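Notes to accompany the following structure.
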Amino acid sequence: MNSLDLPKAPQDTRVVVAMSGGVDSSVVAGLLRRQGYDVVGITLQLYDHGAATHRRGACCAGQDIHDARRAAETLGIPHYVLDYEDRFREAVIDRFAESYIHGETPIPCVECNRSIKFRDLLATALDLGADALATGHYVASRARPGGGRALYRALDPARDQSYFLYATTPEQLDVLRFPLGELPKDETRRLAREFGLAVADKPDSQDICFVPQGRYQDVIARLRPDAARPGEIVHLDGRTLGRHEGIIGFTVGQRRGLGLATGEPLYVVRLDPETARVVVGPREALATSVIRIAETNWLGDEPLADLDGMPVAVRVRSTREPRPAALRWNRALACAEVVLETPEDGVSPGQACAIYADDGPRARVLGGGTIQKVEAARREAA
């Protein structure tokens, strides 16, 4: 077996590397090239890069395509750019907008990985005769004794991206490889300098790639100009406190920017797209104890429906560590739920819920799903 767990010599193993133009994927290409693999770099053009050509900290736009091409030239590997704009708009951007209109808080990076990178790009890689598709994600995969591969949290907990990759299927894991899963970020940058890559000190991606300066409302207003529907801001106790210009300007857990002068700290507790109401309340009203998930992807060894009561750990935001919970199978709805050991604040429909075998730093990823509904830890008055 070679270093990618494939039964071929490196020089006989073709690996397509998804090159975003950042330091991580460029180092992956460099590592594999140094190990003697037949490396091909592919960069996806995902959106109209006119406004982003000179913007740093995004991915898959004009400057990033240039950086990826330059890295490939430095490493001496072939490089191709594929136009996936239409696919990306339909699968990711349009869905992102619709989710916000329906009062949800979507995680577009999960859908991009699921629908674009690990489905469409992977199919293209296989068409090119690739034995593996490698990415610069900080997550680990390992061969299982009985066959197949399992997904695990990365060595560097500060860089772990397993939350965004829970939707990776077993079939995709068989082909995907994540060489940075066992490296700390400072080692990645050291390798970039060793390889002579111009992106060695390029800043990491911060915002959602198609949302300039984090202003998602502008994206939604451009795509769905009729989406802004004025409505009331209502307290949990039934009081009407004010009005707003559209629920797309609010997210669950938000405190600032409510435009209320009540003398008490209030948070967005719920968004109701049917009535266009923004429901607010005290911080304790944000506590969630039960999460129902949909679009579930399960990577565990046993069927999910047979694991009612199984102790796990769950992550509802990328910036939070996994927290202890228990699986619950809702037989009436034929869907999974997780019961949190300690209530979480600010959990919103549309977010991702990643499930782990435990809350350890190298825990196995068991799958996850999109949060469909949450149950408050206390009874609400409205």
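Just so you know, glycine gets a Cβ as well, placed from its N, Cα and C.
Here Swiss-Prot has A18, M19, S20, G21, G22, V23, D24, S25, G136 binding ATP, and the candidate from L44, L155, L165, L173 in that same listed site is L44.
Taking Cβ-Cβ distances under 8 Å and a sequence separation of 6 or more, the neighbours of D24 (ATP binding site) in its chain are G136, H137, Y138, L180, T188. Considering other CB atoms within 10 Å as the measure, the emptiest surroundings among the recorded positions S20, Q351 are those of Q351. Following the DSSP three-state reduction, the secondary structure of L44 (ATP binding site) is strand. On the backbone, the CA of Q351 (site 'Interaction with tRNA') and the CA of L44 (ATP binding site) stand 25 Å apart.
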